[in-house]
Structure formats: C-alpha cells, structure tokens
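Residues or ranges marked as region 'Transactivation' by Swiss-Prot: 1-48. Taken from Swiss-Prot, the feature region 'Interaction with human CREBBP' applies to 1-24, supported by sequence analysis. Positions annotated as site 'Essential for Tat translocation through the endosomal membrane' by Swiss-Prot: W11. Summarising the annotation, Swiss-Prot assigns region 'Cysteine-rich' to 22-37. The annotation Zn(2+) 2 binding site is assigned in Swiss-Prot to C25, C27, C30. Residues annotated as N6-acetyllysine in Swiss-Prot: K28, K50, K51. What Swiss-Prot lists as region 'Core' is 38-48, and the listing cites sequence analysis. The annotation region 'Disordered' is assigned in Swiss-Prot to 48-86. The region 'Interaction with the host capping enzyme RNGTT' annotation in Swiss-Prot covers 49-86 and is backed by sequence analysis.
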Amino acid sequence: MDPVDPNQEPWNHPGSQPRTACNNCYCKKCCYHCQLCFLKKGLGIYYGRKKRRQRRGTPKSLQDHQTLIPKQPLSRTSGDPTGPEK
C-alpha cells in the first residue's frame, strides 16, 4: 500500500474518488461503484429530502366509465330453468 500524504485531505487521497461519475443504473457493477452508490443503490439508504409524490387524479374519461355501463336486472328464477310447465 502506498504511503498517504498527511497534508492532503482524506477525500483527495488517491483512490478515494472513482474515475467515472455515478449514474442511475442499478446493476451489480454500478451498485458497487463507490461507497455512496453502495449505500444508495445496494442498501437503499437515502439521506436528504424525500420527494413528495403527488397522487394522480383520475381523468374525467375514467370517472364516467361507471355511468356508461347499464345495470342489468338480475333474473331470479326459481324452480325449473327450462320454463314453467302446464
């Protein structure tokens, strides 16, 4: 292991920063890209603000789909389903 310059900050030590930038890919290689990627992607730990998800309102065309279906009366047959015998 190479000696580390004590006058240099730890985040500037050689090998402390990955050569490539972090991305949004969740493959195994990208999950182990750096410590931050491992925490965020591999373990699912996010520090910071949580984005507030807005509920999607139903479009008017979907709200009216219940009124388009006519209600059919239920046929209540008792006895022989072939019809009344005389």
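Glycine is no exception: its Cβ is also placed from the backbone N, Cα and C atoms.
Look at C30 (Zn(2+) 2 binding site): DSSP puts it in a helix. Within its own chain, the region 'Cysteine-rich' (22-37) has no Cβ neighbours under 8 Å among residues six or more beyond its boundaries.
Listed by sequence, the residues of this chain that lie at least six past the ends of the region 'Core' (38-48) yet keep a Cβ under 8 A from its Cβ atoms are 26, 30-32. Each of N23, Y26, K28, K29, C31, H33, K41 belongs to the same chain as C25, C27, C30, is absent from that list, and has a C-beta within 8 angstroms of the C-beta centroid marking the Zn(2+) 2 site. With all protein chains in the displayed structure included, the most crowded Cβ environment within 10 Å among the binding-site residues C25, C27, C30 is that of C30. A separation of roughly 23 Å, to the nearest angstrom, links the Cα atoms of C30 (Zn(2+) 2 binding site) and K51 (N6-acetyllysine). Applying an 8 A CB threshold to same-chain residues 6 or more apart, the list for K51 (N6-acetyllysine) is empty.
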